[in-house]
Amino acid sequence: MEYRQTRLLMQFFIASEALFFVALIVAYVYFRNLTDDWAESAKYLDIRRTGIFTIFLFSSSGTITVANWALRKQKRGVLVGALVVTIVFGAIFLAGQATEYYMLYERGVKISMNIFGSAFFTLTGFHGFHVFVGLIILSVFLTLVLLGSFKGNGPFSAFLATEWYWHFVDAVWVFVFFFVYLRPLL
Amino acid sequence: MKPDRADVPEPGVPLPSLRSTYGLVQWLSSTDHKQLGIMYLWTGLFFFLVGGLEAMLMRLQLAWPELNLLGPEAYNQLFTMHGTTMVFLVLMPTLIGLATYFLPLMIGANEMAFPRLNAMSLWVTILGGFLLNFSFLAGGAPDAGWFSYAPLSEQNYSFSNGLDYYSIGLIVTGIGSIGAALNFVVTTVTMRVKGMGLGRLPLFVWMVFINSFLILAAFPLLNAGLFMLLIDRQLGAHFFLPSSGGSALLWQHFFWAFGHPEVYILALPGFGIISEVIPVFSRKKIYGYGTLAGSTVFIALLSFGVWAHHMFAAGLGNPVNTFFAAGSMLIGIPTGIKIVNWIATMWGGAVYFSTSMLFALAFIVDFTLGGLSGVAFAIVPIDWRVTDTYFVVAHIHYVFLGGTLFTIFAGIYYWFPKISGRMLSERLGKWHFWLFLLGFNMTFLFQHLLGMMGMPRRVYTYPDLPWYGILNFISTVGAAMMGVAMLIFIWNIFHSLRKGVKADKNPWGAWTLEWHASSPPSLKNFGELSPVRTERALLDWEEDKKN
């Protein structure tokens, strides 16, 4: 019962969050077609560099699946390892985003520069924020596991909810990466 | 003796009661859906007084041509805060409150699926409300209308921090609404009593259920728009500033992609309440359960495809206008089906004119009028002629007051005995009803005429043109009558809470499960419930007893 409820809650919560990102992506694409601020600004984006960080983020979707498997099989060592790797991969992605922001900032690309800056930083920033929230939740789980509390149904369904949230954040990045980085090259 | 477990509240103490070991703290920390529902209702009533006071000040200023009681700045803040308060802090919390209280009871559940999420939704809603109103103290309330059209809502036109409080306040209340909607969906899907298939849900539950999907889909769009507005204002972005590459139209699209479904978010639970009240007071089964439920889904789907009918005058072009005009008119069909069903339910029934039923009847009449002026707006040339006049003001009030508010009154009079264990006074209730009905129609019926004569909305004063003075004066008198009616209503509540006639389990002889619990219900709503066979469970059980 509780498991089923958490599952449903998460499904609808994620659907609702997805619409939030749909709105942000629509704004980005709309402005991209509307204005020509892009030509001069978007050239600062480094797809190869971001691509490498993207691989880390996508890999963390795999490691969190391993963590969930380990939790179900009660393999504590694997669980700790997979959680740590997931958190590190997520953190590497965030660090990549931070340095990217810094490099853009040094070249004068700011949220207030033009409509490209506004749309770019808002979209990627909200995604980064979601990654950050996911990292906090995962760290709480890691702490709980290290303290020895990783049995029972409660953490199980809550962990599944977190896993879905993490997959969702990755899935959003697929679209963000496509529209922001890949699309201009096609 | 202190209980060994801090159950909130303690079992055995009837609700609503402040008599408990922990007193008020027990209310503030409660996760009980009934206590939370009651607090939602008080929140709605409190903000109704705030929003009502703002309306009274506006009507006072408009009572006569060329009055100068309020300046234009104050007037802008008042109409913005009045609209925002009424939509987000009165109608939504009250409907969500009724659903929080009654949805579990009506499906035979003892709690919501996520009690702590439930509490969070309430307190986040209240926090948003206070943030929004704090703007009055922080240098000026928002002043760009409840829709906050860009670029009027941007930093270079609206200097105070009001619009920032507007953005943050609405984001916060929006998160509360999404939390409540998630809870309703999961509760309805997973916690129904045995035998209650989706086709046997009480109609109020059914409509709250569908409504929750609307909330889950509409509020993220608003929140995205509000975040962009906030980022524009605080961080110097350009989303909605046409002067630097942004688009003011985009704000309108975001706002109305939320705002149009919002109209139905406020209407659908009301339809649900009416569908509970009318059969009980007509002593007849609801006519056409299937079509009533089905048309709800149809309305919900259509509501997302018609937002641009709020933008006919924005210059989107004829093909777009035609598409949205046709789409908007389609909504008349499922809504008409509902009206026919309610009337057919009363047809040949033994109608008992309780205050609750009177409000239901007034709802049918006034909501239909509001619906008809809505169809008028769907016709593009008429929209071009009367948009941004008092015709719109009249229309929105016919839909929100004649629609939603009347259903809320019907619901309160209907369910008050269950919530408090005491009856509301019918005598005072009828005073409330007639004064409010008369005042309401005096205020807003004549605003249709003012609108057709061309009086623009959102003006703080107007020249002494023929008929303007007298029609506005009638409007103001009507508003004062509504104010008096509300005082009677509030007196009725407080008086009845202390000295009202004690209500038994099922004072109206209704058939849905909430009337099976005691009045007021104990902490655990029900003991074991036997499975239900139809949507009129209590009637079945009674017959079972006889046989």
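Positions of Cβ are set from backbone N, Cα and C atoms, glycine also.
Pulled from TrEMBL:
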- B:21-534: domain 'Cytochrome oxidase subunit I profile' (DOMAIN)
- B:38-58: transmembrane segment (TRANSMEM)
- B:78-105: transmembrane segment (TRANSMEM)
- B:117-138: transmembrane segment (TRANSMEM)
- B:165-191: transmembrane segment (TRANSMEM)
- B:203-231: transmembrane segment (TRANSMEM)
- B:251-274: transmembrane segment (TRANSMEM)
- B:286-308: transmembrane segment (TRANSMEM)
- B:320-344: transmembrane segment (TRANSMEM)
- B:356-380: transmembrane segment (TRANSMEM)
- B:392-416: transmembrane segment (TRANSMEM)
- B:428-450: transmembrane segment (TRANSMEM)
- B:470-494: transmembrane segment (TRANSMEM)
*Report, as numbers and ranges, which residues of the same chain sit near the transmembrane segment (B:470-494): CB under 8 Å and 6 or more residues beyond its ends.*
45, 48-49, 52, 55-56, 59-60, 62-65, 409, 416, 424-425, 428-429, 431-433, 435-436, 438-444, 446-447, 449-450, 462
*Any residues 6+ beyond the ends of the transmembrane segment (B:320-344) with a Cβ under 8 Å from its own?*
271, 274-275, 278, 286-288, 291-292, 295-296, 298-299, 302-303, 305-309, 312, 360, 364, 367-368, 371, 374-375, 377-380
*Hey, does the transmembrane segment (B:428-450) touch the transmembrane segment (B:78-105), meaning at least 3 C-beta pairs closer than 8 angstroms, sequence gap 6 or more?*
no
